[in-house]
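Student: Mind looking over this structure? Questions follow.
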Amino acid sequence: MATKLQDGNTPCLAATPSEPRPTVLVFDSGVGGLSVYDEIRHLLPDLHYIYAFDNVAFPYGEKSEAFIVERVVAIVTAVQERYPLALAVVACNTASTVSLPALREKFDFPVVGVVPAIKPAARLTANGIVGLLATRGTVKRSYTHELIARFANECQIEMLGSAEMVELAEAKLHGEDVSLDALKRILRPWLRMKEPPDTVVLGCTHFPLLQEELLQVLPEGTRLVDSGAAIARRTAWLLEHEAPDAKSADANIAFCMAMTPGAEQLLPVLQRYGFETLEKLAVLG
């Protein structure tokens, strides 16, 4: 069922049909991927965007790798059957670390993943101490440790895995206040350090949504680093050099996996990000 947004008594009108534009899917388990989408849209405003979020299986951080791979492939397949894709962005660190090989094997369009911005953080740190703030799944996965060994072996890496911060970011987009006390409790291991990290990698796409609150809690001068801008640049290059000619003149659309009250409450948020319609996506499996 498609749901149009209302603003007071003014109906939300669909966008005027335009020239066909390359269709780009941005996918996440929740709404954290909107932070990545926002960076891509800033660089590439004239694309046809689809945002899909898996509110049935959210969050992915505690799910098995086999489940995540099967689920992500099924969702991208379902979107591709509705709209031929020029490119897909898996805007979820957890899903990216395990599902990219399967996606790239199945589809002929480029698939971009999101990985923790450890390499730029290692370049930016002044005291040699880098914090990685991510889900527990990302913190534990061997891929993350390989990135650290490759790009930050001369740094002291302090890792914190938190599922609660994902929930805080989702709640913020639903209009709820973010508890600074909750953030202080989550970050307590760093806040108690004699010399805490001066550079923090936001290793989950939900966490840039909490940037304002994090800067209030972390020591003054702490740098926050995420992958959004780099993903946008990579997307632009691939669309120019490798993407198939898959275009649509339709308005931007968002897909959820179940039309729950929580999903419906996100309609005003999605409209602010430029998505005219929210629909339930039928996924096999």
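Glycine residues also receive a Cβ, built from the backbone N, Cα and C atoms like all the rest.
The substrate binding site annotation in Swiss-Prot covers Asp28, Ser29, Tyr60, Gly61, Asn93, Thr94, Thr205, His206. The active site, proton donor/acceptor annotation in Swiss-Prot covers Cys92, Cys204. The UDP-N-acetyl-alpha-D-muramoyl-L-alanine binding site annotation in Swiss-Prot covers Arg104, Gly113, Val114, Val115, Pro116, Ala117, Ile118, Lys119 and is backed by experimental evidence.
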Student: Within 10 angstroms of the C-beta of Lys119 (UDP-N-acetyl-alpha-D-muramoyl-L-alanine binding site), what count of other C-beta atoms is obtained when all protein chains are considered?
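Tutor: By my count, 18.
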Student: If one measures from the C-alpha of Ile118 (UDP-N-acetyl-alpha-D-muramoyl-L-alanine binding site) to the C-alpha of Gly61 (substrate binding site), what distance in angstrom results, rounded to a whole number?
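Tutor: Cα to Cα, Ile118 (UDP-N-acetyl-alpha-D-muramoyl-L-alanine binding site) and Gly61 (substrate binding site) are separated by 19 Å.
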Student: Which one of these recorded positions has the most other Cβ atoms within 10 Å of its own Cβ: Cys92, Ile118?
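Tutor: Per the Cβ count within 10 Å, the most buried is Cys92.
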Student: Let me spell it out: for each of the recorded positions (Val114, Cys204), count the other Cβ atoms within 10 Å of that residue's Cβ, using every protein chain shown. Which one has the most?
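Tutor: That would be Cys204, with the most Cβ atoms nearby.
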Student: Using DSSP with the three-state reduction, classify Asn93 (substrate binding site) as helix, strand or coil.
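Tutor: It is helical.
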Student: How big is the Cα-to-Cα gap, in Å, between Cys204 (active site, proton donor/acceptor) and Asn93 (substrate binding site)?
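Tutor: Given the Cα positions, Cys204 (active site, proton donor/acceptor) is 6 Å from Asn93 (substrate binding site).
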Student: Quick one: pull the CA-CA distance for Asn93 (substrate binding site) versus Val114 (UDP-N-acetyl-alpha-D-muramoyl-L-alanine binding site), whole Å only.
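Tutor: Checking the Cα atoms of Asn93 (substrate binding site) and Val114 (UDP-N-acetyl-alpha-D-muramoyl-L-alanine binding site) gives a distance of 5 Å.
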Student: Please name the residue among the binding-site residues Asn93, Thr94, Thr205 whose C-beta has the most neighbouring C-beta atoms within 10 angstroms.
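Tutor: Buried the deepest by this measure is Thr205.
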Student: Near Cys92 (active site, proton donor/acceptor), which binding-site residues out of Asp28, Ser29, Gly113, Ala117, Thr205 have their CA within 10 Å?
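Tutor: Among Asp28, Ser29, Gly113, Ala117, Thr205, the ones whose Cα sits within 10 Å of that of Cys92 (active site, proton donor/acceptor) are Asp28, Ser29, Gly113, Thr205.
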Student: Under a three-state reduction of DSSP output, how is Asp28 (substrate binding site) classified: helix, strand, or coil?
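Tutor: Asp28 (substrate binding site) sits in a strand per DSSP.
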Student: Determine which residues of the same chain, besides Asp28, Ser29, Tyr60, Gly61, Asn93, Thr94, Thr205, His206, have their CB within 8 A of the center of the CB atoms at the recorded substrate site, and list them by sequence.
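Tutor: Here the non-site neighbours turn out to be Gly30, Gly32, Gly33, Pro59, Cys92, Ala95, Thr135, Val166, Cys204.
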